[in-house]
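J.: This is the structure, below, for whatever I ask next.
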Amino acid sequence: MFRTMLKSKIHRATVTQADLHYVGSVTVDADLMDAADLIEGEQVTIVDVDNGARLVTYVITGERGSGVIGINGAAAHLVHPGDLVILIAYAVVDDAEARALQPRVVFVDESNRVVELGSDPARVPAHAPDLLSAR
């Protein structure tokens, strides 16, 4: 049996740009991709904290250190600059690997800089009020 498990999550990043006329995808700062163990072309689910929209797309690499979270293509109708989003990647693994899998959970600040890394998707960081409040 195979299970679909949380592999990585970038929690409450701020969308910095949206380009309706781009061919699709989400552009993510290379530093965030590294922190979340994402590679170019990898499928992600985007959850918009502000409006509840959920969509599936793929990642393309953004400029390292830029803080970019860019929504491209038709998704720009649903997700807008300034929105808070959660980017989630899943892995399909066998049962034994699923039970041992340690996801990468990345918390960012208002500039999309990594402020904390973890592996417990239910853990709330000590500085949670700063990370969980509306920006």
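Cβ atoms here come from the backbone N, Cα and C positions, even for glycine.
Pasting the relevant annotations from TrEMBL:
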- SER25: active site, schiff-base intermediate with substrate (ACT_SITE)
- TYR58: active site, proton donor (ACT_SITE)
- THR57, GLY73, ALA74, ALA75: substrate binding site (BINDING)
- SER25: pyruvic acid (Ser) (MOD_RES)
J.: To test your reading of the substrate site: which residues beyond THR57, GLY73, ALA74, ALA75, same chain only, put their Cβ within 8 Å of the Cβ centroid of those residues?
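T.: Checked against the 8 Å cutoff, the neighbours are GLY24, SER25, VAL26, LEU55, ILE71, ASN72, ALA76, LEU78.
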J.: Distance between GLY73 (substrate binding site) and SER25 (active site, schiff-base intermediate with substrate) at the Cα atoms, whole Å?
T.: 7
J.: Once the DSSP letters are reduced so that anything not helix or strand counts as coil, what is ALA74 (substrate binding site)?
T.: helix
J.: Which whole-number value in Å describes the distance between the Cα atoms of THR57 (substrate binding site) and the residue listed as 'active site, schiff-base intermediate with substrate'?
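T.: Pair distance, Cα basis, whole Å: 5 Å.
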J.: By CA distance, which of the recorded positions (SER25, ALA74, ALA75) lies nearest to TYR58 (active site, proton donor)?
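T.: Going through SER25, ALA74, ALA75 one by one, the Cα closest to that of TYR58 (active site, proton donor) is SER25.
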J.: Please give me the CB contact count at 10 A for TYR58 (active site, proton donor), counting all chains in the structure.
T.: 14
J.: Using the structure shown, find which entry in ALA74, ALA75 (the binding-site residues) has the sparsest Cβ neighbourhood within 10 Å.
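T.: Looking at the binding-site residues ALA74, ALA75, the Cβ with the fewest others within 10 Å is that of ALA74.
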J.: Around GLY73 (substrate binding site), how many other CB atoms lie within 10 A of its CB?
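T.: Its Cβ has 16 other Cβ atoms within 10 Å.
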